[in-house]
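According to Swiss-Prot, the active site annotation covers 32, 168, on the basis of sequence analysis. What Swiss-Prot lists as ATP binding site is 126, 127, 128, 129, 130, 131, 132, 133, 134, 135, 136.
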């Protein structure tokens, strides 16, 4: 059974006079990976987060967030669905820490209204996998609420709010390709057909995208702590890769297997443990799939496209 929890607001909460919206907003938001991820020093003013210089890429593994307005005073509710909930399924006691709920609260505070919204999240992006699933859920919630409440705020305003919640969330609002700096929250989009996108294609970041996923998860703080000890390996485009592999050796085995099978690129996604492999064509993709299956170096294989973008739909 999907975990469901509802939090009504207090009796002292301000009366909200807006009429209940009759519509439901559904947002499909893709996962993210990092084509490059350079990690710099930690900054106290950023709460100990590290300086990052990255190229984000949205890949076609989608979580779906559905938002429906509730009666004034009803508070929020959250329902989680899907076969790959990870530790989210055991977090019923504190749904207020869910990224989507935090995003809902942030939007409500910025809009000066109550978070009387029913959220349903269908999870397909692996949890704790370095694929930005929580960030995708938060971004999808912000996009949904922006439409549900008819705020019509521009992306830049949404990104300002998202930056207070997490590093990847500002990127996930738009997906595609983008540069990320600061602690990852400062986004410069890479336009389709631009010189920068063509350069990435020439480097082999095109064609089939394969994700090797795992039942196990990695804690992002633990990966960064390990990075502070072991540093980055020479030649790694992802500075966190060595740390992730030291904590989850199968990721390294999956990278080696994909590379030997002809992957254009194979690397740990973000803080791991998921591995992303780019294949130039269908034949290369099939070789990678076969070797991953034969060697059992991953638990689940996902085929995806890139770069992808969020999709928003409205139902009366």
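A Cβ is built for glycine as well, from the same backbone N, Cα and C atoms used for every other residue.
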Subject >> Additional residues around ATP, ordered along the sequence, whose Cβ is within 8 Å of the centroid of 126, 127, 128, 129, 130, 131, 132, 133, 134, 135, 136 >> reply: 31, 125
Original post:
For the binding-site residues 126, 132, 134, which Cβ has the most other Cβ atoms within 10 Å, all shown protein chains included?
Top reply: 132
Subject >> Rounded distance in angstrom between the Cα atoms of residue 134 (ATP binding site) and residue 32 (active site) >> reply: 11
Original post:
Tell me, by DSSP, whether residue 32 (active site) is helix, strand or coil?
Top reply: strand
Original post:
What residue among the binding-site residues 128, 130 has the most other CB atoms lying within 10 A of its CB?
Top reply: 130
Original post:
Expressed to the nearest Å, what is the distance separating residue 132 (ATP binding site) and residue 168 (active site) at their Cα atoms?
Top reply: 7
Original post:
Which ones in the same chain are close to residue 136 (ATP binding site), with CB under 8 Å and 6+ residues apart in sequence?
Top reply: 29, 30, 31, 32, 62, 63, 125, 172
Original post:
Taking the Cβ of residue 168 (active site) as centre, how many other Cβ atoms lie within 10 Å?
Top reply: 27
Original post:
Under DSSP, is residue 130 (ATP binding site) helix, strand or coil?
Top reply: coil
Original post:
Cα-Cα separation of residue 128 (ATP binding site) and residue 168 (active site), in Å?
Top reply: 14
